[in-house]
Amino acid sequence: MWDELNRLRDEDKDRRIMDLFERDEGRADGYSVETGDLRFDYSKTLIDEAVRAALIDLCDQIDLGGRRDAMFAGAAINETEGRAVLHTALRNLDGGPVLVDGQDVMPGVLDMLARMRAFAEDVRQGVFAGAGGAITDVVNIGIGGSDLGPAMATLALAPYHDGPACHFVSNVDGAHIADVLGSLDPTRTLVIVASKTFTTIETMTNARTARAWMSDGGGDPGQQFAAVSTALDKTNAFGIPPERVFGFEDWVGGRYSVWGPIGLPVMLAIGPQAFDAFLRGGQAMDLHFRSAEWIENMPVLLALTGLWHHQICGYPTRAVLPYDQRLSRLPAYFQQLEMESNGKSVAMNGSALTVPSGPVVWGEPGTNGQHAFYQLIHQGTGIVPCEFMVAAEGHEPDLAHHHRLLVANCLAQSEALMRGRTLDEARALMAAGGMTGDELERQARHRVFAGNRPSTTLVYPQLTPFVLGQIIALYEHRVFVEGVILGINSFDQWGVELGKELATSLAPIVDGDQSADGKDGSTAALVDFVLKHRS
Ligand code: F6P
């Protein structure tokens, strides 16, 4: 299945992206696709017609359409956990019924959404209050998918905030909760304990700490705690009354859950109407993914570009570079989405994967990254495919000149990566600066840029709730397509279990209640050091 692509990669090792533009005047449009408010440009890559045809052929060979339709239809495509995968139902605002085991899940989804809206409005309008008055602050306690999605989206949509301030505590490190709670009024804070399983040790430890903080400070945990979970028996046992428990089903994966009750902090911050627009952005991307031909299908093209770069060309990482300060948590969010979904070495049928699994995903917002790690991206020996994203305009009309500079920087980076600078150009630069002879030659070499480095760019008019919804759903479907082509289950995460089990067995040892006998020498010595050095 990969032979033709490997052959195309090896066929002409000297191909230049710039040459592809020279050969095809319509390349920019021919290798860009638009849907809703997004334009995705993958023309600054070495993908040409033959490569694209071979990539698209993969989709047909593995019946991508059939797998996609099975997901949307509620089939149990998460085979290792025997579950459907239906985060798309959470944004199916006016689509038809969605059946799981013959039962339409949409009435339940819409009922829960209505409950979230009612609660959010009550909190926002001060109808729901704490012991000391209207709620001023919301603290979401969760980790992984129960944190990254709402934390990322709340920050991304800051210009739409007109509700209480939202804070996020995820790390079991006491520093995190101490720093967040330190400045808050326990009598006017709402705590949301967000955990799909309601067993995650970090979240439950933080939840108990927050409960003690609230009662010690005169707040009322019986009133000021809410929960988001699939485990209603456990939320009940924790003491959160059913009217403030927002449940969801096991067919919503943690890292795909921001669209439902896990998104409650976002709704509290921006209001139900703006949250609806976010859902509609996701829904618009679903409709596009379900109906567009592969060659015009944005998530498919994004996925195929990633597969070309990682599985075929062998570039080990992928940088996500949003030129948007408010998307500063997006790289971390995509990191979980991609690496927890596709970081697997066993195929769905139990056999070992014969191609590399998903890449390392990392990134920072521009322009900050330019002054930190872009040096390696431009001149390092390895190639890092870059995924740039930028809005045509910002939310600060008085600072429009800032935004123009931001856009110019974003476009300059992808141009520089593609174009590079030849030795002759570098020599001319040095000569123009008055340098001559051996010194010119030596200095010029340091100023050469190989160029021909691939990047994609996603542009949109402005970072609105609708646009954010489109972007998140775009990347979700991209991860799905990659997983289908690799033949893996993108919806389980067994790889996190072993560490959790060992942490549980180490806790009493680190507490000093059990000996480290039986642990390896390194672990035992590290425990010994910790025990000796704490008061
Ligand atoms: O340990 C990984 C994980 O299960 C993630 O998949 C999940 O998002 C996170 O932990 C939090 O899980 P929960 O929502 O059940 O607390």
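Cβ coordinates come from backbone N, Cα and C, glycine included.
Features as listed in TrEMBL:
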- Glu340: active site, proton donor (ACT_SITE)
- His371: active site (ACT_SITE)
- Lys500: active site (ACT_SITE)
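Taking a C-beta cut-off of under 8 Å and a sequence gap of six or more, Glu340 (active site, proton donor) has these contacts in its own chain: Gly144, Arg255, Gln493, Gly495, Val496. Across the structure, Lys500 (active site) and His371 (active site) are spaced 37 Å apart at their Cα atoms. For Lys500 (active site), the Cβ neighbour count at a 10 Å cut-off comes to 11, with all displayed protein chains included. When other Cβ atoms within 10 Å of the Cβ of His371 (active site) are tallied across all protein chains shown, the result is 9. The DSSP secondary structure for Lys500 (active site) is helix.
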